[in-house]
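Quick notes on the structure that follows.
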Amino acid sequence: MLKRASFVEVNSASLRHNFSAVKSIVPKDAHIMAVVKANAYGAGAIKASEIFLQEGANYLGVAALDEALELRSHFPKTPILILGYSPNANASMLIDNDLSAMVFSLEQAEVFSQMALKSQKRLKVHLKIDTGMHRLGLEPNFKSIETIKKIRALKGLEIEGIFTHLSNADAKIKTHAKNQMKAFNAFLEQLLDQKIEFQYRHAYNSAGILSLCNGNENRLLNLYRPGIMLYGFYPSNGMKESCPTILKNVISLKAQIVQIRSVKKGEFIGYGEHFYTNEETLVGVLALGYADGLMRALGNRIQVAINNQLAPLIGKVCMDQCFVKLNDIQAKEGDEVILFGDKSARANDASEIAALLNTIAYETISTLSKRLERVYI
């Protein structure tokens, strides 16, 4: 039984389909790290991870310690990498929970080494190389090779992997992405020349997987990190139009009509004066608001699907509730409303909502609140 009259519906079959799409593209002997940060981009990290592991994922990737600890409590043996920054104070929890950490400096590695020695355990780390994202990482140069040698000499650490991140592999012209891979491959080869090898070498996110697996840029990679494509979205609209891979929608935001009321002509609906009734108006109230992830700016801007009919979202979205206009709509209290999701039900999908807000589908789905129950079909 639902605890609220609003929820996120997650299509399990679509999650499986999208993971299979990844497997059909990457080399047959490749390892796959399913990226499940931000509550699996809104799909629910535990259940999504369970599905990906069933389908053959070798590793799980998250952004922060709390996400990793949540997964570890359900998957005691699964390799989990924290792709984001891990503060030094987190070292003991990383070690005690057998989590892998991203490292980008000798100073950070030294602290982790000291903590590992103190606990008499080993900490797995993946070294981050900055090839053009200009966010975190060691530069791919001779100085960094010397730094890596020093890190490898530290006791208590297991240098399990090395990776970089592509910043715009979804661009129509792949020059920058290919230059990033050229720099990364050259750096890996320099390390190999000095007998420095890594169990895992990775660079490709969803955009890289969808657009760069047909060349030789990935010749030294053996691990791939799909993220947004697992949840049914292409990294950009341009890639959606040009990519032959079919991805299926996973996430739908739904709510029930909790009350229908008739509002006379000449009234304002909701906070402020953002919707004026120029006729007698049938208003449906939904128990869903911007605290749940339905952006406030969507009021008066989108249509939602009710019984395969389109109804306007009116007024400003409140923190916990919103309004739909039901004039000429066949609906009753308790009926389901699709705010966004499956196109077959005439609803907008998350990428269309994102376009209205001048953002991307990543933000639309990953900001769906945890207070919304995830319902898996």
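Backbone N, Cα and C atoms are what each Cβ position is placed from, and that goes for glycine too.
Annotation source Swiss-Prot lists active site, proton acceptor at LYS37, TYR271. Feature annotation from Swiss-Prot assigns substrate binding site to ARG135, MET319; the stated evidence is sequence analysis. Here Swiss-Prot flags LYS37 as N6-(pyridoxal phosphate)lysine, drawing on sequence analysis.
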Cβ packing number for ARG135 (substrate binding site), 10 Å threshold: 11
Assigned conformation of MET319 (substrate binding site) - DSSP reduced to three states: coil
Position of peak Cβ density within 10 Å, selected from the recorded positions LYS37, TYR271, MET319: LYS37
Cα distance (Å, whole number) from LYS37 (active site, proton acceptor) to ARG135 (substrate binding site): 18
Spatial separation of MET319 (substrate binding site) from TYR271 (active site, proton acceptor) - C-alpha basis, Å: 11
Mapped DSSP class for TYR271 (active site, proton acceptor), helix or strand or coil: coil
Residue pair MET319 (substrate binding site), LYS37 (active site, proton acceptor) - Cα distance, angstrom, rounded: 25
